[in-house]
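Colleague: One structure follows; several queries about it will come next.
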Amino acid sequence: MALRVYNTLSGTKEDFVTLEPGRVKMYVCGVTVYDHCHIGHARANVVFDMIYRYLRHAGYEVTYVRNYTDVDDKIINRANKEGVPFNVISERFIAEFDRDMAALGLDLPTYQPKATEHIAEMIQVIERLVAKGFAYAADGDVYFSVEAFDQYLKLSKRNLEEMQAGARIEVGEKKRHPMDFALWKGSKPGEPYWDSPWGQGRPGWHIECSAMSMKYLGETFDIHGGGKDLVFPHHENEIAQSEAANGKPFARYWIHNGFVNINAEKMSKSLGNFFTIKEVLESYDAEVLRFFLLSAHYRSPIDFSDQNLKEAAAGLERIYNALAGIDEAVAADGTGAGRIDEELAEKAAGLPTRFREAMDDDFNTAQALGYVFDLVRAVNRVLAEGEIDRAVLASAREAIDRVGAVLGLFTSEPGAFVERLKSRKAAALPIEAAEIERLIEERNAARKARDFRRADEIRDTLAAQGILLLDSAQGTTWKVK
(Lines of atoms letter the chains of each structure in order from A and count residues from 1; the text may use other names and numbers.)
(Lines give C-alpha, C1' and ligand atoms only; values in the text may rest on other atoms or scores of the structure.)
Protein backbone atom coordinates (compact mmCIF):
# COMPACT_ATOMS: atom_id res chain seq x y z
CA MET A 1 0.00 0.00 0.00
CA ALA A 2 1.39 3.38 -0.99
CA LEU A 3 1.27 6.28 1.45
CA ARG A 4 -1.95 8.26 1.20
CA VAL A 5 -2.47 11.60 2.93
CA TYR A 6 -5.50 13.81 3.42
CA ASN A 7 -4.96 17.04 1.51
CA THR A 8 -6.96 19.99 2.85
CA LEU A 9 -6.60 21.64 -0.56
CA SER A 10 -8.53 18.88 -2.36
CA GLY A 11 -10.58 17.69 0.60
CA THR A 12 -9.66 14.06 -0.13
CA LYS A 13 -7.02 11.44 0.60
CA GLU A 14 -4.43 11.37 -2.17
CA ASP A 15 -1.48 9.18 -3.09
CA PHE A 16 1.64 10.87 -1.79
CA VAL A 17 3.91 11.65 -4.74
CA THR A 18 6.94 13.83 -4.08
CA LEU A 19 8.33 16.48 -6.41
CA GLU A 20 11.69 14.72 -6.35
CA PRO A 21 11.89 10.92 -6.01
CA GLY A 22 12.95 9.91 -2.52
CA ARG A 23 12.95 13.46 -1.13
CA VAL A 24 10.36 15.35 0.92
CA LYS A 25 10.36 19.08 1.56
CA MET A 26 8.10 20.03 4.48
CA TYR A 27 7.31 23.37 6.13
CA VAL A 28 5.33 23.65 9.36
CA CYS A 29 4.28 26.94 10.91
CA GLY A 30 5.95 27.41 14.25
CA VAL A 31 4.89 29.36 17.31
CA THR A 32 4.67 33.07 18.00
CA VAL A 33 7.04 33.29 20.94
CA TYR A 34 5.33 35.64 23.38
CA ASP A 35 4.21 33.21 26.10
CA HIS A 36 4.47 29.62 27.31
CA CYS A 37 3.20 27.04 24.82
CA HIS A 38 -0.13 25.34 25.51
CA ILE A 39 -1.26 21.81 24.78
CA GLY A 40 -2.61 22.84 21.38
CA HIS A 41 0.97 23.68 20.44
CA ALA A 42 2.05 20.33 21.91
CA ARG A 43 -0.36 18.48 19.66
CA ALA A 44 0.66 20.26 16.46
CA ASN A 45 4.36 19.76 17.11
CA VAL A 46 4.07 16.13 18.19
CA VAL A 47 1.92 15.37 15.11
CA PHE A 48 4.41 16.81 12.65
CA ASP A 49 7.33 15.25 14.51
CA MET A 50 5.54 11.92 14.02
CA ILE A 51 5.10 12.64 10.30
CA TYR A 52 8.75 13.69 10.04
CA ARG A 53 9.86 10.46 11.73
CA TYR A 54 7.60 8.23 9.66
CA LEU A 55 8.65 9.74 6.34
CA ARG A 56 12.29 9.06 7.22
CA HIS A 57 11.37 5.54 8.35
CA ALA A 58 9.68 5.04 4.97
CA GLY A 59 12.98 5.84 3.26
CA TYR A 60 12.59 9.49 2.34
CA GLU A 61 15.27 12.12 2.76
CA VAL A 62 13.33 14.86 4.55
CA THR A 63 14.08 18.55 4.77
CA TYR A 64 11.89 19.82 7.59
CA VAL A 65 11.55 23.55 8.28
CA ARG A 66 9.73 24.90 11.35
CA ASN A 67 9.98 28.62 12.01
CA TYR A 68 9.86 30.95 14.97
CA THR A 69 7.64 34.02 14.63
CA ASP A 70 9.79 36.32 16.75
CA VAL A 71 8.25 39.70 15.89
CA ASP A 72 4.52 40.22 16.27
CA ASP A 73 1.96 42.47 17.96
CA LYS A 74 1.69 40.12 20.95
CA ILE A 75 5.45 40.04 21.44
CA ILE A 76 5.68 43.82 21.18
CA ASN A 77 2.78 44.35 23.60
CA ARG A 78 4.37 42.08 26.20
CA ALA A 79 7.75 43.75 25.77
CA ASN A 80 6.23 47.20 26.25
CA LYS A 81 4.34 45.99 29.31
CA GLU A 82 7.55 44.60 30.85
CA GLY A 83 9.65 47.54 29.69
CA VAL A 84 12.17 45.41 27.78
CA PRO A 85 13.22 45.14 24.10
CA PHE A 86 10.99 42.83 22.03
CA ASN A 87 13.82 40.37 21.42
CA VAL A 88 14.19 39.77 25.17
CA ILE A 89 10.65 38.38 25.13
CA SER A 90 11.13 36.35 21.96
CA GLU A 91 14.44 34.80 23.07
CA ARG A 92 13.00 33.93 26.48
CA PHE A 93 10.09 32.02 24.99
CA ILE A 94 12.14 30.42 22.22
CA ALA A 95 14.17 28.85 25.02
CA GLU A 96 10.96 27.78 26.81
CA PHE A 97 9.58 26.29 23.59
CA ASP A 98 12.80 24.37 22.96
CA ARG A 99 12.69 22.93 26.49
CA ASP A 100 9.06 21.85 26.06
CA MET A 101 9.75 20.18 22.72
CA ALA A 102 12.81 18.38 24.06
CA ALA A 103 10.74 17.05 26.97
CA LEU A 104 8.15 15.74 24.51
CA GLY A 105 10.85 13.87 22.61
CA LEU A 106 10.79 15.84 19.36
CA ASP A 107 13.56 15.43 16.82
CA LEU A 108 15.08 18.72 15.72
CA PRO A 109 13.90 20.00 12.32
CA THR A 110 16.47 20.51 9.59
CA TYR A 111 16.07 24.30 9.87
CA GLN A 112 14.46 26.54 12.50
CA PRO A 113 14.54 30.03 10.97
CA LYS A 114 13.59 33.18 12.84
CA ALA A 115 11.44 35.77 11.09
CA THR A 116 13.70 38.66 12.15
CA GLU A 117 16.66 37.06 10.37
CA HIS A 118 14.81 37.00 7.02
CA ILE A 119 13.48 40.54 6.63
CA ALA A 120 15.40 41.05 3.37
CA GLU A 121 13.78 37.97 1.81
CA MET A 122 10.34 39.22 2.86
CA ILE A 123 10.93 42.62 1.31
CA GLN A 124 11.99 40.96 -1.95
CA VAL A 125 8.73 38.98 -2.14
CA ILE A 126 6.67 42.09 -1.38
CA GLU A 127 8.50 44.02 -4.10
CA ARG A 128 7.61 41.30 -6.62
CA LEU A 129 3.96 41.43 -5.59
CA VAL A 130 3.83 45.22 -5.96
CA ALA A 131 5.54 45.05 -9.37
CA LYS A 132 3.05 42.44 -10.58
CA GLY A 133 0.02 44.41 -9.41
CA PHE A 134 -0.96 42.03 -6.60
CA ALA A 135 -0.07 44.47 -3.83
CA TYR A 136 -0.22 48.21 -3.24
CA ALA A 137 1.43 50.69 -0.92
CA ALA A 138 -0.72 52.93 1.26
CA ASP A 139 0.85 55.52 3.54
CA GLY A 140 3.76 53.37 4.72
CA ASP A 141 1.82 50.10 4.71
CA VAL A 142 1.66 47.53 1.91
CA TYR A 143 -1.44 45.38 1.37
CA PHE A 144 -2.15 42.31 -0.74
CA SER A 145 -5.11 42.79 -3.07
CA VAL A 146 -7.28 39.69 -2.68
CA GLU A 147 -9.39 40.62 -5.71
CA ALA A 148 -6.28 40.51 -7.90
CA PHE A 149 -5.73 36.82 -7.10
CA ASP A 150 -8.60 34.87 -8.65
CA GLN A 151 -7.95 31.69 -6.63
CA TYR A 152 -8.19 33.37 -3.25
CA LEU A 153 -9.95 31.16 -0.65
CA LYS A 154 -9.32 27.93 -2.59
CA LEU A 155 -7.93 26.28 0.55
CA SER A 156 -10.69 27.20 3.01
CA LYS A 157 -13.47 27.01 0.38
CA ARG A 158 -14.96 30.29 1.65
CA ASN A 159 -16.81 32.84 -0.48
CA LEU A 160 -15.25 36.28 -0.80
CA GLU A 161 -18.52 38.10 -1.48
CA GLU A 162 -20.19 36.53 1.54
CA MET A 163 -17.24 37.44 3.72
CA GLN A 164 -17.28 41.01 2.44
CA ALA A 165 -20.95 41.26 3.32
CA GLY A 166 -20.29 40.05 6.87
CA ALA A 167 -21.19 42.58 9.52
CA ARG A 168 -17.91 42.13 11.42
CA ILE A 169 -15.72 43.16 8.50
CA GLU A 170 -14.99 46.85 8.26
CA VAL A 171 -13.03 48.55 5.51
CA GLY A 172 -9.95 50.24 6.90
CA GLU A 173 -9.01 53.68 5.65
CA LYS A 174 -6.07 52.36 3.65
CA LYS A 175 -7.57 49.14 2.26
CA ARG A 176 -9.20 48.81 -1.13
CA HIS A 177 -11.09 45.70 -0.01
CA PRO A 178 -11.97 44.64 3.55
CA MET A 179 -10.19 41.29 3.12
CA ASP A 180 -6.91 42.79 1.88
CA PHE A 181 -4.17 41.90 4.34
CA ALA A 182 -0.95 43.59 5.42
CA LEU A 183 2.34 42.53 3.88
CA TRP A 184 4.25 45.40 5.49
CA LYS A 185 3.25 47.59 8.44
CA GLY A 186 4.56 51.12 8.75
CA SER A 187 6.40 51.78 12.00
CA LYS A 188 4.65 53.10 15.09
CA PRO A 189 6.15 54.59 18.26
CA GLY A 190 7.44 51.91 20.62
CA GLU A 191 7.72 49.24 17.92
CA PRO A 192 10.78 47.64 16.28
CA TYR A 193 11.32 48.55 12.66
CA TRP A 194 13.44 47.83 9.59
CA ASP A 195 14.16 49.98 6.55
CA SER A 196 12.23 49.20 3.37
CA PRO A 197 11.29 50.81 0.03
CA TRP A 198 8.05 51.95 1.73
CA GLY A 199 9.72 53.44 4.77
CA GLN A 200 10.53 52.04 8.17
CA GLY A 201 8.29 49.24 9.42
CA ARG A 202 7.98 45.51 9.96
CA PRO A 203 6.54 42.54 8.06
CA GLY A 204 3.03 41.19 8.38
CA TRP A 205 2.61 37.71 9.82
CA HIS A 206 1.66 35.90 6.61
CA ILE A 207 4.60 37.05 4.47
CA GLU A 208 7.05 35.70 7.04
CA CYS A 209 6.23 32.05 6.39
CA SER A 210 6.11 32.48 2.62
CA ALA A 211 9.56 34.05 2.50
CA MET A 212 11.18 31.56 4.86
CA SER A 213 9.67 28.49 3.18
CA MET A 214 10.80 29.74 -0.24
CA LYS A 215 14.35 30.31 1.00
CA TYR A 216 14.83 26.83 2.44
CA LEU A 217 12.54 24.71 0.26
CA GLY A 218 12.08 26.58 -3.02
CA GLU A 219 9.04 28.10 -4.70
CA THR A 220 7.14 24.79 -4.70
CA PHE A 221 7.51 22.09 -2.07
CA ASP A 222 5.74 18.93 -0.91
CA ILE A 223 4.05 19.48 2.47
CA HIS A 224 2.83 22.54 4.33
CA GLY A 225 1.43 21.84 7.78
CA GLY A 226 -0.10 23.35 10.87
CA GLY A 227 -3.19 23.33 13.04
CA LYS A 228 -6.69 23.61 11.57
CA ASP A 229 -6.94 27.09 13.04
CA LEU A 230 -4.32 28.23 10.50
CA VAL A 231 -6.31 27.26 7.39
CA PHE A 232 -7.86 30.73 7.35
CA PRO A 233 -6.52 33.31 7.24
CA HIS A 234 -2.86 32.36 7.58
CA HIS A 235 -2.46 29.51 5.11
CA GLU A 236 -4.99 30.98 2.71
CA ASN A 237 -2.99 34.19 2.61
CA GLU A 238 0.30 32.33 2.27
CA ILE A 239 -1.01 30.60 -0.84
CA ALA A 240 -2.27 33.84 -2.35
CA GLN A 241 0.91 35.85 -1.90
CA SER A 242 3.28 32.99 -2.75
CA GLU A 243 1.53 31.85 -5.93
CA ALA A 244 0.96 35.44 -7.02
CA ALA A 245 4.66 36.22 -6.55
CA ASN A 246 6.00 33.07 -8.23
CA GLY A 247 3.32 32.07 -10.72
CA LYS A 248 3.67 28.48 -9.49
CA PRO A 249 1.84 26.16 -7.06
CA PHE A 250 3.06 26.83 -3.52
CA ALA A 251 2.69 23.54 -1.60
CA ARG A 252 1.27 20.31 -2.99
CA TYR A 253 -0.13 18.76 0.20
CA TRP A 254 -1.72 20.78 2.99
CA ILE A 255 -1.89 18.81 6.24
CA HIS A 256 -3.73 20.13 9.30
CA ASN A 257 -4.10 18.61 12.76
CA GLY A 258 -7.36 18.78 14.71
CA PHE A 259 -8.24 20.92 17.70
CA VAL A 260 -7.69 20.16 21.36
CA ASN A 261 -10.80 20.45 23.53
CA ILE A 262 -10.68 20.75 27.31
CA ASN A 263 -13.26 18.59 29.09
CA ALA A 264 -15.35 18.59 25.88
CA GLU A 265 -15.16 22.39 25.53
CA LYS A 266 -12.96 24.32 23.14
CA MET A 267 -9.73 25.42 24.79
CA SER A 268 -9.89 29.14 25.56
CA LYS A 269 -8.23 31.56 27.95
CA SER A 270 -11.60 33.29 28.42
CA LEU A 271 -13.16 30.03 29.63
CA GLY A 272 -10.34 29.49 32.09
CA ASN A 273 -9.52 26.09 30.61
CA PHE A 274 -6.14 26.97 29.18
CA PHE A 275 -3.21 24.71 30.10
CA THR A 276 0.44 25.21 29.24
CA ILE A 277 2.73 22.30 28.44
CA LYS A 278 4.80 23.24 31.47
CA GLU A 279 1.75 22.98 33.76
CA VAL A 280 0.73 19.60 32.35
CA LEU A 281 4.23 18.16 32.73
CA GLU A 282 4.19 19.04 36.42
CA SER A 283 1.47 16.40 36.86
CA TYR A 284 2.11 13.93 34.04
CA ASP A 285 5.14 12.26 32.53
CA ALA A 286 6.09 13.79 29.17
CA GLU A 287 5.86 10.43 27.44
CA VAL A 288 2.30 10.03 28.74
CA LEU A 289 1.36 13.33 27.11
CA ARG A 290 3.01 12.32 23.83
CA PHE A 291 1.29 8.91 23.96
CA PHE A 292 -2.07 10.60 24.62
CA LEU A 293 -1.63 12.96 21.67
CA LEU A 294 -0.77 10.09 19.31
CA SER A 295 -3.59 7.86 20.54
CA ALA A 296 -6.10 9.68 18.34
CA HIS A 297 -5.93 10.24 14.59
CA TYR A 298 -4.18 13.54 14.00
CA ARG A 299 -7.15 15.10 12.15
CA SER A 300 -9.70 14.22 14.84
CA PRO A 301 -10.47 16.58 17.70
CA ILE A 302 -9.01 15.33 20.95
CA ASP A 303 -10.48 15.86 24.41
CA PHE A 304 -7.92 16.80 27.04
CA SER A 305 -8.99 15.91 30.58
CA ASP A 306 -7.47 14.41 33.72
CA GLN A 307 -9.45 11.23 33.12
CA ASN A 308 -8.16 10.85 29.56
CA LEU A 309 -4.58 11.53 30.67
CA LYS A 310 -4.93 8.92 33.41
CA GLU A 311 -6.24 6.41 30.87
CA ALA A 312 -3.29 7.20 28.59
CA ALA A 313 -0.90 6.69 31.50
CA ALA A 314 -2.53 3.34 32.28
CA GLY A 315 -2.27 2.26 28.64
CA LEU A 316 1.37 3.23 28.38
CA GLU A 317 2.07 1.49 31.68
CA ARG A 318 0.52 -1.73 30.30
CA ILE A 319 2.93 -1.64 27.39
CA TYR A 320 5.93 -0.99 29.62
CA ASN A 321 4.86 -3.74 32.04
CA ALA A 322 4.74 -6.17 29.10
CA LEU A 323 8.21 -5.07 28.01
CA ALA A 324 9.48 -5.53 31.55
CA GLY A 325 7.93 -9.00 31.63
CA ILE A 326 9.62 -9.91 28.36
CA ASP A 327 12.99 -8.68 29.62
CA GLU A 328 12.64 -10.67 32.84
CA ALA A 329 11.61 -13.86 31.01
CA VAL A 330 14.37 -13.57 28.41
CA ALA A 331 16.99 -12.97 31.11
CA ALA A 332 15.80 -15.88 33.28
CA ASP A 333 17.88 -19.03 33.64
CA GLY A 334 17.06 -21.88 31.26
CA THR A 335 17.56 -23.07 27.74
CA GLY A 336 15.03 -20.70 26.20
CA ALA A 337 13.54 -23.43 24.03
CA GLY A 338 10.04 -23.49 25.49
CA ARG A 339 6.72 -23.82 23.73
CA ILE A 340 6.25 -21.64 20.63
CA ASP A 341 2.93 -19.82 20.86
CA GLU A 342 1.62 -19.47 17.31
CA GLU A 343 -0.59 -16.44 18.02
CA LEU A 344 2.25 -14.52 19.66
CA ALA A 345 4.67 -15.47 16.90
CA GLU A 346 2.21 -14.32 14.21
CA LYS A 347 1.41 -11.01 15.92
CA ALA A 348 5.09 -10.27 16.51
CA ALA A 349 6.05 -11.10 12.93
CA GLY A 350 3.06 -9.22 11.54
CA LEU A 351 3.34 -6.01 13.56
CA PRO A 352 5.79 -4.23 11.19
CA THR A 353 3.47 -4.80 8.20
CA ARG A 354 0.33 -3.82 10.11
CA PHE A 355 2.08 -0.73 11.45
CA ARG A 356 3.14 0.33 7.97
CA GLU A 357 -0.37 -0.21 6.59
CA ALA A 358 -1.88 1.93 9.36
CA MET A 359 0.64 4.72 8.93
CA ASP A 360 0.33 4.65 5.14
CA ASP A 361 -3.37 5.38 5.64
CA ASP A 362 -2.93 9.08 6.43
CA PHE A 363 -0.62 8.51 9.41
CA ASN A 364 -3.20 6.58 11.45
CA THR A 365 -1.37 6.35 14.77
CA ALA A 366 -4.56 5.32 16.58
CA GLN A 367 -4.77 2.16 14.48
CA ALA A 368 -1.03 1.57 14.74
CA LEU A 369 -1.14 1.69 18.54
CA GLY A 370 -4.14 -0.64 18.46
CA TYR A 371 -1.93 -3.24 16.78
CA VAL A 372 0.69 -2.73 19.50
CA PHE A 373 -1.93 -3.46 22.16
CA ASP A 374 -2.96 -6.61 20.27
CA LEU A 375 0.61 -7.84 20.58
CA VAL A 376 0.85 -6.76 24.23
CA ARG A 377 -2.26 -8.78 25.09
CA ALA A 378 -0.70 -11.85 23.48
CA VAL A 379 2.55 -11.23 25.37
CA ASN A 380 0.75 -10.94 28.71
CA ARG A 381 -1.22 -14.15 28.10
CA VAL A 382 1.91 -16.08 27.22
CA LEU A 383 3.87 -14.71 30.18
CA ALA A 384 1.07 -15.79 32.50
CA GLU A 385 1.08 -19.30 31.00
CA GLY A 386 4.86 -19.68 31.23
CA GLU A 387 7.12 -22.10 29.33
CA ILE A 388 7.48 -19.86 26.30
CA ASP A 389 10.26 -19.79 23.75
CA ARG A 390 12.47 -16.82 24.57
CA ALA A 391 13.25 -16.13 20.92
CA VAL A 392 9.56 -15.45 20.24
CA LEU A 393 9.37 -13.10 23.21
CA ALA A 394 12.51 -11.33 21.99
CA SER A 395 10.96 -10.90 18.54
CA ALA A 396 7.87 -9.33 20.15
CA ARG A 397 10.12 -6.93 22.07
CA GLU A 398 11.97 -6.00 18.89
CA ALA A 399 8.72 -5.38 16.99
CA ILE A 400 7.39 -3.05 19.69
CA ASP A 401 10.75 -1.26 19.90
CA ARG A 402 10.71 -0.59 16.15
CA VAL A 403 7.25 0.94 16.30
CA GLY A 404 8.28 3.00 19.30
CA ALA A 405 11.36 4.32 17.52
CA VAL A 406 9.17 5.74 14.75
CA LEU A 407 6.53 7.19 17.09
CA GLY A 408 9.00 8.45 19.68
CA LEU A 409 7.59 6.10 22.33
CA PHE A 410 8.70 3.18 24.56
CA THR A 411 12.28 4.48 24.66
CA SER A 412 12.71 4.34 28.46
CA GLU A 413 14.02 1.34 30.36
CA PRO A 414 10.74 -0.40 31.37
CA GLY A 415 11.49 -0.75 35.07
CA ALA A 416 12.61 2.88 35.30
CA PHE A 417 9.48 4.12 33.52
CA VAL A 418 7.14 2.12 35.76
CA GLU A 419 8.92 3.43 38.86
CA ARG A 420 8.80 6.98 37.51
CA LEU A 421 5.07 6.68 36.92
CA LYS A 422 4.58 5.10 40.33
CA SER A 423 6.46 7.96 42.01
CA ARG A 424 4.32 10.57 40.24
CA LYS A 425 1.14 8.82 41.32
CA ALA A 426 2.41 8.33 44.85
CA ALA A 427 3.22 12.03 45.17
CA ALA A 428 -0.48 12.80 44.79
CA LEU A 429 -1.57 10.27 47.42
CA PRO A 430 -2.68 11.20 50.94
CA ILE A 431 -0.11 8.73 52.33
CA GLU A 432 3.69 8.67 52.14
CA ALA A 433 5.48 5.84 50.32
CA ALA A 434 7.43 5.03 53.50
CA GLU A 435 4.16 4.55 55.38
CA ILE A 436 2.89 2.23 52.64
CA GLU A 437 6.03 0.12 52.97
CA ARG A 438 5.68 0.05 56.77
CA LEU A 439 2.07 -1.16 56.49
CA ILE A 440 3.11 -3.84 54.00
CA GLU A 441 5.73 -5.09 56.48
CA GLU A 442 3.10 -5.11 59.24
CA ARG A 443 0.71 -7.00 56.96
CA ASN A 444 3.41 -9.55 56.12
CA ALA A 445 4.03 -10.09 59.82
CA ALA A 446 0.29 -10.46 60.45
CA ARG A 447 -0.04 -13.02 57.68
CA LYS A 448 2.96 -14.94 59.02
CA ALA A 449 1.28 -14.96 62.44
CA ARG A 450 -1.96 -16.09 60.74
CA ASP A 451 -3.68 -12.88 61.88
CA PHE A 452 -5.62 -12.67 58.62
CA ARG A 453 -8.14 -10.20 60.02
CA ARG A 454 -5.39 -7.61 60.62
CA ALA A 455 -3.83 -8.39 57.23
CA ASP A 456 -7.16 -7.75 55.52
CA GLU A 457 -7.67 -4.53 57.48
CA ILE A 458 -4.33 -3.19 56.24
CA ARG A 459 -5.12 -4.21 52.66
CA ASP A 460 -8.53 -2.49 52.84
CA THR A 461 -7.06 0.63 54.46
CA LEU A 462 -4.55 0.99 51.63
CA ALA A 463 -7.18 0.22 49.00
CA ALA A 464 -9.33 3.07 50.33
CA GLN A 465 -6.40 5.40 49.67
CA GLY A 466 -5.90 4.19 46.11
CA ILE A 467 -3.20 1.59 46.79
CA LEU A 468 -3.48 -1.89 45.30
CA LEU A 469 -1.34 -4.66 46.85
CA LEU A 470 0.08 -7.36 44.60
CA ASP A 471 1.08 -10.60 46.31
CA SER A 472 3.44 -13.04 44.58
CA ALA A 473 6.00 -15.70 45.42
CA GLN A 474 8.66 -12.99 45.39
CA GLY A 475 6.79 -10.88 47.97
CA THR A 476 4.28 -8.03 48.06
CA THR A 477 4.50 -4.97 45.83
CA TRP A 478 2.08 -2.10 45.45
CA LYS A 479 0.78 0.17 42.76
CA VAL A 480 -1.54 3.14 42.55
CA LYS A 481 -4.99 2.34 41.19
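For all residues, glycine too, the Cβ spot is worked out from N, Cα and C.
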Colleague: Write down the single range among 196-200, 226-230, 266-270 that appears in Swiss-Prot as motif ''KMSKS' region'.
Modeller: 266-270
Colleague: Kindly point out the range from 31-41, 339-349, 361-371, 394-404 that Swiss-Prot annotates with motif ''HIGH' region'.
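Modeller: That would be 31-41, per the motif ''HIGH' region' entry in Swiss-Prot.
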Colleague: List the residues in the vicinity of the Zn(2+) site, defined as same-chain residues other than CYS29, CYS209, HIS234, GLU238 with C-beta within 8 angstroms of the site's C-beta centre.
Modeller: TRP205, HIS206, GLU208, SER210, HIS224, GLY226, LEU230, HIS235, ASN237
Colleague: What is the total of other Cβ atoms whose distance to the Cβ of CYS209 (Zn(2+) binding site) is within 10 Å?
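Modeller: So the number of other Cβ atoms within 10 Å of CYS209 (Zn(2+) binding site) is 28.
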Colleague: May I have the DSSP-based helix, strand and coil counts for the residues of the motif ''HIGH' region' (31-41)?
Modeller: 3 helix, 2 strand, 6 coil
